[in-house]
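Presented below is the structure to which this report refers.
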Amino acid sequence: MLPSASRERPGYRAGVAAPDLLDPKSAAQNSKPRLSFSTKPTVLASRVESDTTINVMKWKTVSTIFLVVVLYLIIGATVFKALEQPHEISQRTTIVIQKQTFISQHSCVNSTELDELIQQIVAAINAGIIPLGNTSNQISHWDLGSSFFFAGTVITTIGFGNISPRTEGGKIFCIIYALLGIPLFGFLLAGVGDQLGTIFGKGIAKVEDTFIKWNVSQTKIRIISTIIFILFGCVLFVALPAIIFKHIEGWSALDAIYFVVITLTTIGFGDYVAGGSDIEYLDFYKPVVWFWILVGLAYFAAVLSMIGDWLRVISKKTKEEVGEFRAHAAEWTANVTAEFKETRRRLSVEIYDKFQRATSIKRKLSAELAGNHNQELTPCRRTLSVNHLTSERDVLPPLLKTESIYLNGLTPHCAGEEIAVIENIK
């Protein structure tokens, strides 16, 4: 039952249903790919409604995707092994030769003392200290700017790994800080993604309006606007920061782009970190880098959201096309079945008409034959019927069999005349 307010409001027509949001056709018309997270308030449905609307991925589909991911991992492992293992073997051989050369040139140092020194150097590097030159002049990795940058890498889940807490208090605080900060940063990332997507959406809408005036198809407009959005974002959040990092950090162009992509995808290997070199940086350098990470992650979130919307639209269109194909197939089957039934009915009618016509002709011929019998065969003497009296039947002479022919109760000598009459009628 509809509420009374909905029945009484002007312009409401009874019997007109609202568009079905679950219908693939209406969903494909109303849902456009957006460039950000949903800005509409979330409405929690009841348990019954959620059970009917949520589509759970089948185990067969999950297993297929799992196998695809495992295959992708095997391919990646094979490629990385082929590219990186020869370099690793070369470096290992080189360091062994250098150690032997150093010991041979410095007889006062034995191999045990050299190994202990190398272990201390490795521990210092793992702690974030670069043991080169005069370590007393090195900048601390735990000053306010560096600590701010580290806290940012914790809540963004990047975790470069170049520095990490070494004390028990630092580890405990890092655990609590991450559990509280990651959800908080998620809300911030969603809000920034919405605003960034709105800005880009308005720009793309203007571009689409321009192309519409040029009578360009909607599909081409959508493809062109998407390419423009991605290219503009790549220039603003990938190419330009890579140029800046190349200039400040002294990296190559490939290393700078590598750092940008690894950072904005939250992989964060830690082999390249902005502000991690043994040079003097400005105080606001690392906080600015973190804010760039925030906006860049929001951009990537907007791109991923747009791709997800596009995939949903494509899926709905595919379901719609499959539904239309099934409808056409069902319609074709129904038409073929109806045509077959109609053909069978027509054949039955024609056969029945021919049968009726043949029956009518047979009856007519039988009637004519009976009339001719009465006119032409009266001289012949017929045998008595079963209704004749016994006295009358006894008066007649007994019937003689002539080649076993007894036609219409005629005596045998009239059978030849009867056959001749039938031949004349035919």
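Here the Cβ of each residue, glycine as well, is placed from N, Cα and C on the backbone.
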Residues flagged as region 'Important for GNG4 binding and L-glutamate release in astrocytes' in Swiss-Prot, choosing from 17-38, 127-148, 193-214: 17-38
Residue carrying phosphoserine as stated in Swiss-Prot, selected out of SER50, SER348, SER385: SER348
Range annotated as region 'Important for GNG4 binding and L-glutamate release in astrocytes' in Swiss-Prot, from 51-61, 95-105, 392-402, 403-413: 51-61
N-linked glycosylation site per Swiss-Prot (candidates: ASN110, ASN162): ASN110
Cα-proximity to PHE269 (K(+) 3 binding site), 10 Å cut-off, over recorded positions ASN110, ILE158, GLY159: ILE158, GLY159
C-alpha spacing of ASN110 (N-linked glycosylation site) relative to GLY159 (K(+) 2 binding site), in angstrom: 39
Confidence summary (mean pLDDT) of the region 'Interaction with AKAP5' (313-326): 70
Check: same-chain CB within 8 A of K(+) 3 site center, minus GLY159, PHE160, GLY268, PHE269: THR153, ILE158, GLY161, ASN162, ILE262, THR263, ILE267, GLY270, VAL273
Cα-Cα distance linking ASN110 (N-linked glycosylation site) and GLY268 (K(+) 2 binding site), given in Å to the nearest integer: 39
Residue, out of the binding-site residues GLY159, GLY268, whose Cβ gathers the largest set of other Cβ atoms within 10 Å: GLY268
